[in-house]
Amino acid sequence: MNLEKYSERVRGFIQSAQTMALSRNHQQFTPEHILKVLVDDDEGLAASLIERAGGNVRDVKLGVETALEAMPKVEGGNGQLYLAQPLAKVFSTAEELAKKAGDSFVTVERLLQALTMEKSAKTADILAKAGVTAQALNQVINDVRKGRTADSASAEQNYDALKKYARDLTADARAGKLDPVIGRDDEIRRTIQVLSRRTKNNPVLIGEPGVGKTAIAEGLALRIVNGDVPESLKDKQLMALDMGALIAGAKYRGEFEERLKAVLSEVTSANGNIILFIDEMHTLVGAGKADGAMDASNLLKPALARGELHCVGATTLDEYRKHVEKDPALARRFQPVFVDEPTVEDTVSILRGLKEKYEQHHKVRISDSALVAAATLSNRYIADRFLPDKAIDLVDEAASRLRMQVDSKPEALDEIDRRIMQLKIEREALKVETDDASKDRLVRLEKELVGLEEESTEITAKWQAEKQKLGLAADLKKQLDEARNELAIAQRKGEFQRAGELAYGKIPELEKKLKEAEAQDGKAGMVEEVVTPDHVAHIVSRWTGIPVDKMLQGERDKLLRMEDEIGKRVVGQGEAVQAVSKAVRRARAGLQDPNRPIGSFIFLGPTGVGKTELTKALASFLFDDDSAMVRIDMSEFMEKHSVARLIGAPPGYVGYEEGGALTEAVRRRPYQVVLFDEIEKAHPDVFNVLLQVLDDGRLTDGQGRTVDFRNTLIIMTSNLGAEYLVNLGEDQDVDAVRDEVMGVVRASFRPEFLNRVDEVILFHRLRRKDMDRIVEIQFKRLESLLVDRKITLSLDHEAIEWLAAKGYDPAYGARPLKRVMQKELQDPLAEKILLGEILDGSTVKVTSGSDRLNFRSKPTVVATEAAA
């Protein structure tokens, strides 16, 4: 006996059988030991062969176990095993069978065959009693082998290769496991057309990720099962190849090729009855290629060219260009079928078809208006993904969120339960007290506790009953779905009596029960069970940060008072505040042009009048955070090439993978304020990039991705024409110099750029009367810095007037005032705090002197503590 002639699996079994014989204290190594390890094998090749040959595996296991138990045991032996004569004959028979079949190695099935044939071995009787005959087993082995010989030590791995490395889509379609495929008739028809060709009958579905390429393959499987295909495709099997399973565990060179050859051999020997579906087809190129080995695509080419292999591929446009088109020999063997993104209307139809499956899974109802909202909102607000995938995901997540709410405790019940817990803790504390007041309190508390516990029990029962009703409707939907699948199977098999019972008996009855259950659910209760457009809008807002969901009354009031809110921070610029507020209100009311940014403005005015401050105030108003904006300082973009910093470097340049400062910020957060500060400082060519942003609300970055700017508010600031605005009189309006200022602007920017901006807003130079208000705003900021120290500041009217007069300079706006306040107020205050003249918790009154401010400090903490 030469072990080199045996396959790896058989060698492993022989070793396991020896170990088992020693562990059972047997002295002889017999055929029963071999049969025992064969039928106990996890991968179950021997067990599968016995079943297919008409035998009972359970009977074999019982028979072999009984035989092993009856064997003599030798305690305290020398650990040696003796080969029994019957087993030697079994090995000899197995080697002869392998030689006769032209095999290079003795495989598991030949060993099993020898166990049935060798009459001197008890295993032949055990297998015969279980219903296995040598003739039946031989027939099954020939079916499994399909004419192939065992040429390698791992030959068993390649039996039933399609079962291991592919999924039968037609079997899934028959079992009703596939989602219905709605629409896509043209693409499926085109795929069938290519499959029906004589040669090169291999379509490849090419489209963006998420447009439904895999769904088309599933649609083809459903059509084959329903017989809705031409004669040439009737009763074909569509198998989805799993490239991951094919490559996984192929450790040695040649193992991957062997597996793939086994798959191809099975497909070829099926005489065109198997169509192979390869999802992510680009993975074929280079798959398994290592140390000079052939990759999968080269192994497939000959079979594809001869028409022996029927194949449907699917890949994205980018991957097809990157991998498949580079190999023209592979590309010419496939016929591209382009799959476009469906329209919003088609997406709604697709969602309607899938609705039942999602209702069944989440056990909630999904309204039709929610499906329409999912299609329209995803199309408008989720720019970097494709329909119908993004719309399906929205519906799925909205239903998941609602289900989570249904399973969570209602708010009213949660509040009562928390109150009960609080009272129970209080009761335990009061039990220790002996005074009358505590005893009275305990009696009252016990009474309240009883009432709350009754209320809690009542609400819990009501909530559980409503949940149960929802569960009943979900169960009925599941039963209805199963009944419809059963009806389809019965019609396909021609079992018309069963089909009639289902169509006119069971299905109408279930539909009636479901209608009644849904009518019960429809009544208002504690549990919300229908997914509405509001739920979908909430998910969109969570994904993108864009406020699409329904405005609450508080937000409406806030938007209507927007001018007043921003006016608290920006002084003397009513026209600018109003223009920006109107743009935001238009956007939130849904009346803005959906293909342009929310608004685009150029703020013109002298330095220090509040151009950048207005933008910060706007970001703070919309997002409660001054820094919630993209601020691009255009003074950094004075060279022509610096535009790459905005949109990202082109391919081949350093930093290509990093993306641009502007495009990446907006991609991550599509709803925000974008500020281009000091635009006149930038190189004129930089503005060419902004033309598409201002007109179409989109920009293509260095990597070719389209970034959506339709939900941004674009503000540009500039000092152009400031000299005209500074020289205006105290009571003169900016319209008096508008033409002169616009003349300077037109000389600096191209007409096509200015023509795309919504409005050019001129900022007034700050008047003397505005300065008092600015002093108050700056003073409030200083007060907020002292909150931690509990120091209270107060500034009298004369001090405000003194600071405003000292800090007023029409040419420089509010910035000189900031410097004056720093020098005259903050610096002396800091010194006094450090010297200990002003203590934490003091009240400081600031008054004006002839040439400086006076500080009077009065400690308040001590008094407060004494009172306490």
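Positions of Cβ are set from backbone N, Cα and C atoms, glycine also.
For THR214 (ATP 1 binding site), the number of other Cβ atoms no farther than 10 Å from its own Cβ, over all displayed protein chains, is 15. Per Swiss-Prot, the feature ATP 1 binding site maps to GLY207, GLU208, PRO209, GLY210, VAL211, GLY212, LYS213, THR214.
According to DSSP, GLY605 (ATP 2 binding site) is assigned to coil rather than to any helix or strand. The feature ATP 2 binding site is assigned by Swiss-Prot to GLY605, PRO606, THR607, GLY608, VAL609, GLY610, LYS611, THR612, with similarity to another entry given as support.
The coiled coil annotation in Swiss-Prot covers 392-523 and rests on similarity to another entry.
The average pLDDT for the domain 'Clp R' (3-147) in the predicted structure is 77. The domain 'Clp R' annotation in Swiss-Prot covers 3-147.
What Swiss-Prot lists as region 'Repeat 1' is 6-71.
Swiss-Prot lists 83-147 with the feature region 'Repeat 2', giving sequence analysis as the kind of evidence. Secondary structure of the region 'Repeat 2' (83-147), assigned with DSSP and counted as helix (H, G, I), strand (E, B) and coil, comes to 46 helix, 2 strand, 17 coil.
If you look up Swiss-Prot, you'll see 160-341 marked as region 'NBD1', on the strength of similarity to another entry.
The region 'Linker' feature in Swiss-Prot is assigned to 342-545.
The region 'NBD2' annotation in Swiss-Prot covers 555-765 and rests on similarity to another entry.
Taken from Swiss-Prot, the feature region 'C-terminal' covers 766-868. Counting residues per DSSP class in helix, strand and coil order gives 57 helix, 20 strand, 26 coil for the region 'C-terminal' (766-868).
Broken down with DSSP, the region 'Repeat 1' (6-71) shows 46 helix, 3 strand, 17 coil. Cα-Cα distance from GLY610 (ATP 2 binding site) to THR214 (ATP 1 binding site): 56 Å (rounded to the nearest whole number).
Counting every protein chain shown, the number of other Cβ atoms lying within 10 Å of the Cβ of GLU208 (ATP 1 binding site) is 17. Within the set of binding-site residues (LYS213, LYS611), the lowest number of other Cβ atoms found within 10 Å of a Cβ is recorded at LYS213.
The Cβ neighbour count for GLY608 (ATP 2 binding site), using a 10 Å radius and every protein chain shown, is 20. Proximity of THR607 (ATP 2 binding site) to non-local residues of its own chain (separation of 6 or more, Cβ distance below 8 Å) is seen for ASN719, ALA722, TYR812, GLY813, ARG815, given in sequence order.
Counting every protein chain shown, 27 other Cβ atoms lie within 10 Å of the Cβ of GLY605 (ATP 2 binding site). Summary: among the binding-site residues (GLY210, GLY610), the fewest other C-beta atoms within 10 A of the C-beta are counted at GLY210. According to DSSP, GLY210 (ATP 1 binding site) is assigned to coil rather than to any helix or strand.
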